[in-house]
There are 2 protein chains.
Amino acid sequence: MNAPDKIPFADQFALSREPFPASRKIYVPGSNESIRVPMREIALSNGELITVYDTSGPYSDPTAAIDVRTGLADVRGAWIAARGDTESYNGRQRAALDDGVKNEAQNNGTTIERIEALRAEAAGLQRTPRRAKSGMNVSQMHYARKGIVTPEMEYVALRENGKREWMREYLGDPAREARLRGNPMGARIPDVFTPEFVRDEVARGRAIIPANINHPEVEPMAIGRNFGVKINANIGNSAVTSSIEEEVDKLVWAIRWGADNVMDLSTGKNIHTTRDWIVRNSPVPIGTVPIYQALEKVGGVAEDLTWAIYRDTLIEQAEQGVDYFTIHAGVRLAYIHLTAQRRTGIVSRGGSILAKWCITHHKENFIYTHFEEICEIMKAYDVSFSLGDGLRPGSGADANDEAQFAELKTLGELTQVAWKHDVQTMIEGPGHVPMHLIQANMDEQLKHCHEAPFYTLGPLTIDIAPGYDHIASAVGAAMIGWMGTSMLCYVTPKEHLGLPDRDDVKQGIIAYKIAAHAADIAKGHPGARARDDAMSKARFEFRWRDQFALGLDPQTAEDYHDETLPKDSSKEAHFCSMCGPKFCSMKITQDVRDYAAAKGVSEQQALNDGMAQKSAEFKAVGGEFYVPVSSFAGPPQERQHPLGGPGEARVGGPDSSLTTKG
Amino acid sequence: MNAPDKIPFADQFALSREPFPASRKIYVPGSNESIRVPMREIALSNGELITVYDTSGPYSDPTAAIDVRTGLADVRGAWIAARGDTESYNGRQRAALDDGVKNEAQNNGTTIERIEALRAEAAGLQRTPRRAKSGMNVSQMHYARKGIVTPEMEYVALRENGKREWMREYLGDPAREARLRGNPMGARIPDVFTPEFVRDEVARGRAIIPANINHPEVEPMAIGRNFGVKINANIGNSAVTSSIEEEVDKLVWAIRWGADNVMDLSTGKNIHTTRDWIVRNSPVPIGTVPIYQALEKVGGVAEDLTWAIYRDTLIEQAEQGVDYFTIHAGVRLAYIHLTAQRRTGIVSRGGSILAKWCITHHKENFIYTHFEEICEIMKAYDVSFSLGDGLRPGSGADANDEAQFAELKTLGELTQVAWKHDVQTMIEGPGHVPMHLIQANMDEQLKHCHEAPFYTLGPLTIDIAPGYDHIASAVGAAMIGWMGTSMLCYVTPKEHLGLPDRDDVKQGIIAYKIAAHAADIAKGHPGARARDDAMSKARFEFRWRDQFALGLDPQTAEDYHDETLPKDSSKEAHFCSMCGPKFCSMKITQDVRDYAAAKGVSEQQALNDGMAQKSAEFKAVGGEFYVPVSSFAGPPQERQHPLGGPGEARVGGPDSSLTTKG
């Protein structure tokens, strides 16, 4: 562990707060001034203003004053208060055990000192928790089912729409539109997202808005198959390395590059304090796996876990403002032996912890048996379920096996239990799945989980790419995203090898933005394609700076360009280093346009007529079609053709040359 | 251009010649000692010997003496001579124009000096060309159709099979086998590749073996939908940068990482000499786009191109040993105006050059009108056609449009013309295609081109990832590879931005090895999956060094691992940095195995019996199933449940808990 020195935040966040090139933060107003939906506006050199979805929060707004020691400004506080169904209360007493310290005796002074120092740094982040008043249910799903359109729902609608007026210019002709409308694969994505549409999707359980009432800093977003595909980035310290300072930096870094959600998978010491830092400074929903902390509380001995300790941990984290919990309720005693013949057994941490507990006690999973009690906690804070796939495959060889699908069916049953309590729910999925088995995962999930949002890790399509698993899994992620998965959990280049550093996090996120965007385009999300068209237009017009600004990673694109053509003038050059000035196909295309504009169709007609006539002539004499050799074909002897007569070249069989598409 | 200094080859190739960790080059003998098929054997720490497909040629064989100034040892010479259907002859006179120099006047002394110096370095690489004896056809397709199984075909069969005896251990149970057999999507991949199977595929035109009789150094390989999916890497200098020294190094570097084919896309000066260097030092088939050199010969003025110059260039390159030519015969005058309304017009260099020529002269594409004359040249050297898609889309918005498919139909017609001459043929495809339009590309190609191998560039699934287009396109490449594409042309991170350097080439190749392997696994290539299983087994058993050795990039995997756990001991540690010692799910899984082995099924039975009985009881009294709260559930007051009775937790609706998969 590092020493608890004061951190030079200014330095740490300098880079992460810098706006993207040619971009500024704008806020689209809702039905009242408390609703201000952030977006990123890109000003192109041709005067176009392109607006894109923005996950980066206030960090990319130069006018926002941010002190990570006191946390972000409140977004939802007034909305929560206005509903009048919550109360603030003295939360549970914070214990040393919350940060992994069993008792003084167990730990040397340094550890205690370190923990106290870190807690001191988190002092400004403490809040008095709120919970539902007795008998109340404060979940977005509960409001939705009562027909209430919350500010969160309106916010989500505006955010999914974006400012799409600018897109009209890119709609193109009807034929292109039809071709590019996409294949939604069963999704029903509207042209315009209305607050009522969002309410209906949440009411049906087809979408969730992860938003704990104790996380008022969150900028509401939706996870559902009829919305844009979202991505999640995992951060967290670990028993072996990392520090709290890195975690907050990773959070800001992750949302800068496009993480829609972040999961804090911290283990080891200082878990509670780390979470204070992350939640209070996060504009995106934060998810956790509470069993990790519960295990720390029992010194890492899985069989010592109890419902009491687990339950207390859920309340502890709900009070801090965690937006969704990964709950491994589907790891049932009855399924564990199904993993015995697997190539890689159980690879989910939570799954293996619970399997160990079940087989040690020969008892059913206590999370399963106490599931409805957990629902009571979730609806008192509006924490969403992320039903964990503890038995997911850890290799292509184990994909879609009996253990995996047995658990999936149970998750479907539990989804209905959660919905009975109006608790928002999504379902976690694999993992490692060869391409030909991906569709079955989606089909089974939709069938058994009643369209509850699917949230998959990858899947990785092969096992032999350590160091490049962000790519091996981006392939599977793009496909399953198209097929209906609502959120993709990223994989970094360090998967299977080590802990991701800052750049690994970025690499993983970019790979997953690519996968999610490819899925949105294939599904036909109405807001997806125009950014690509704007990029293509910028390419065709050699507006290099606009190309960089429209890319997922402007700086890297510009750096790569400059490696070959560093001269600033080349930014306006009407050619690129790939082809050089003479070979530029885009330049030549302009000539084609002039040509087509001038005489395209008539030319075409003349050509067809000529061909038809010639064809008739020669068919009459030999049933084969001849094209006179052009006069530019070089000296006579080179025109001799072994098969055709002198000066003639036979092309194809009878009529084949008549095939024209003019 | 760099000065023509002597190159320190020893240094340059030191890295590229180093064998991969735990690997050695082996040669599998064929029916006679002239057939020695190279493979890479990986020796794992558990004694297993894993054999994988090896494209790296003699460069990864420490016993091979290599001097890039004299070229690689001959592999096929004796086979070609034995057929007795070729003759050596004095090839065409080499002209200054072949290296882009029109005449002394046009160029200053330095240029001439430079060119002469480079030619001098290529002196040891000059060969007397061979061609078919008058009236003979020396294409592999011609032999195949005559029922002749050539050594090349036997070589390919052995190479595709690999030494797969070791794979039996990974076959697993029948259920897993069925699941993982793959979905060939119409391909008919045999369990064992026989020389006769290869002959039949080549005879049908469903596969090609690119192997110019003037490239005896080539290690034969097959491109076809019923073989493993192959990848191509492009190298080449350019009008703006690069040097010959880099090109040969790029070649060796590219095949080291797995390029099955390499295309030399050089433009500018010294094209002829560059090609001598590359072909003579290449164990993989080399492809070119002859129109690039032809254009250089007319000073870059497209409209000055003539059939005479183009034809002479084809012969020039056929004599040097180029294995396949990209020929843009499908860019017909009648189709050009179809590109006028496109977002990005014509983006193929060759396509735009020919479009310019067609519209300037208002004449049909001279390559189309002289197509059969080209067939005569191809079959005299066994150069394969790679029918270029000059009208491929340059953006998702232009994908699958009229222009693209009009050209594809023409390529299908030309395929039949080529087959009439027994000339091996593959078809080039896009490019930029959103996921939902990829299948249509494959369907149209199979339908119109009669299963001639499809060779696609990517396709890129989105347009907004400059700097990461190797990932954006790996998604499309994996999908179309699964659907039936035979070879994938790689895309590097520099696509759309600049010229790839050494690392870009590697990054592009690894991304495409991932795509090709994912496709092989999904298609069910019998040799594909076991390497993944060996990796998964190594993971489960914490054999870290074996994991590195089995990966596509062993060094990077080891470096990433060591960043977090540098201690050498951790190479044997039974945990990894992701979870640390306490949390290791793999470790816990071992307990599960012991448990299952000891009492799995009986335990399971007892459990089911118990549940069934309980279920019966409670159904009788209330139609709902109750699970007694476990005694470890903490103090009584915490057992109270708002919905169930004291000490009880209701789970799911009627019967839901009875669902067990035991």
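Cβ from N, Cα, C; glycine included.
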Of the candidates B:Tyr170, B:Tyr292, B:Tyr310, B:Tyr512, which does TrEMBL annotate as part of the substrate site that also includes B:Asn234, B:Met263, B:His328, B:Ser348, B:Arg349, B:Gly350, B:Asp389, B:Gly390, B:Leu391, B:Arg392, B:Glu428, B:Tyr455?
B:Tyr292
Give me the mean pLDDT over the domain 'ThiC-associated' (B:19-87), rounded to a whole number.
95
I'm trying to understand the geometry here, so how far is the Cα atom of B:Asn234 (substrate binding site) from the Cα atom of B:His496 (Zn(2+) binding site), in Å to the nearest whole number?
14
What's the number of neighbouring CB atoms sitting within 10 A of the CB on B:His496 (Zn(2+) binding site)?
22
Taking CB atoms only, which of the binding-site residues B:Asn234, B:Gly390, B:Arg392, B:Tyr455, B:His496 fall under 8 A from chain A?
B:His496
Between the binding-site residues B:Arg392, B:His432, whose Cβ has more other Cβ atoms within 10 Å than any of the rest?
B:His432
Whole-number Å distance between the CA of B:Gly350 (substrate binding site) and the CA of B:His432 (Zn(2+) binding site)?
17
Over the span of the domain 'ThiC-associated' (B:19-87), count residues by DSSP class, listing helix, strand and coil in order.
11 helix, 22 strand, 36 coil
Just the number: how many Å between the Cα atoms of B:His496 (Zn(2+) binding site) and B:Tyr292 (substrate binding site)?
19
When distances run from the Cα of B:His432 (Zn(2+) binding site) to each of the binding-site residues B:Gly390, B:Arg392, B:Tyr455, the nearest one:
B:Arg392
List every residue in the same chain as B:Gly390 (substrate binding site), at least 6 positions away in sequence, whose Cβ is under 8 Å from its Cβ.
B:His328, B:Gly330, B:Val331, B:Ile346, B:Ser348, B:Gly350, B:Gly351, B:Ser352, B:Leu354, B:Ala355, B:Glu407
